[in-house]
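Student: Right, I'll just put the structure down here and ask away after.
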């Protein structure tokens, strides 16, 4: 079983992540994980923090000589701004006079609409929002991206599975339905300022971001995650919480600001008749072939062996520079919300986080299906399964 946890606050000393269940001999280390963290900082529309924020990665446990040991893994991502926050975010008691001179120590009593501020204050009995927003911040996703880098390495080395993402819409601007990006396109997508596969649409998206920035507003959008090389049979039909699509949807909805998820043609399927909504099958010399991929690579809660295709919708960032109306919880009076430093648009980065979450779910499902204490064992078990499908005439044909 694959298990992981993250800990840490946005302006605390560090984020920490632990994970248990990754087999031995996955070739992955600081270079590969740091590259994924770099990708998370990509994209037009990011705030000032991205220009100086450094993810100070340290591998604490479970690695040796560039590979995993099969032990629990532990990772630390240091906060390069910690010295500025050492007093305000100190874990131990701080005298009131020591806080008096710090602007950052001002009580945040005007909760921001769209954030966890007010609900968190109500739930955890805080008088201000700082204790809530620090953990609710999307900064936490850096830890999940680091773990996702390990899951990606395991998937590729054991099963040949590759996961990528691209931005398909940003605000009112949508990319046309064109050729689906594959892993060979990832470098080109990452080089694009909004991680859009269509260069013409990308320019329109950048213009929309700049217009939003000038108007003191924010933008949301939709990212698509694609997974290539999946075998049929990951997940299960037997219980709702074991269905692959349910697990992926839950993982993606767990990303800050994600408000919707769809697989394949998703909501468009509701506008078609059944005869035009499903993926017909036909026999070929290579096995059973589906003539379309409307389902997005899952049927009955299991992978079909086709390309997994899932989209996640990100709402506009809730920290709006021109400040939304709220209530000051100290006075009970109407007020404008606090403005914390934020992005205009973080949709390109959300795609990288979504890749990580999808990889973690797929790695867990792969280990449930094939097991293995080492990458070699997982690979051997998976190949035996594929050979058995072929012998029975049930292989998946591209």
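Glycine too: its Cβ is placed from the backbone N, Cα and C atoms.
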Student: Per Swiss-Prot, which one of 104, 110, 180, 341 shares the FMN site with 135, 136, 137, 256, 257, 300, 315, 316, 317, 318, 319?
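Tutor: My reading of Swiss-Prot gives 341 as the candidate in that site.
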Student: Of 191-212, 213-234, 279-300, which range does Swiss-Prot call region 'Disordered'?
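Tutor: So the range that Swiss-Prot calls region 'Disordered' is 279-300.
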Student: Which residues of the same chain, at least 6 past either end of the region 'Disordered' (279-300), have a Cβ under 8 Å from a Cβ in it?
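Tutor: Non-local partners: 227, 230, 235, 237, 243-245, 262-266, 269, 306-310, 389-390, 393-398.
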Student: Go through 257, 317, our binding-site residues, and report the one whose Cβ sees the most other Cβ atoms within 10 Å.
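Tutor: The residue with the densest Cβ neighbourhood is 317.
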Student: C-alpha of residue 135 (FMN binding site) to C-alpha of residue 40 (NADP(+) binding site): distance in Å?
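Tutor: With the alpha carbons as reference points, the distance is 18 Å.
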Student: Work out, from DSSP, the number of helix, strand and coil residues along the region 'Disordered' (279-300).
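Tutor: Per-class counts: 0 helix, 10 strand, 12 coil.
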Student: Provide, as an integer number of angstrom, the distance between the C-alpha atoms of residue 46 (NADP(+) binding site) and residue 257 (FMN binding site).
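Tutor: Just about 15 Å between their Cα atoms.
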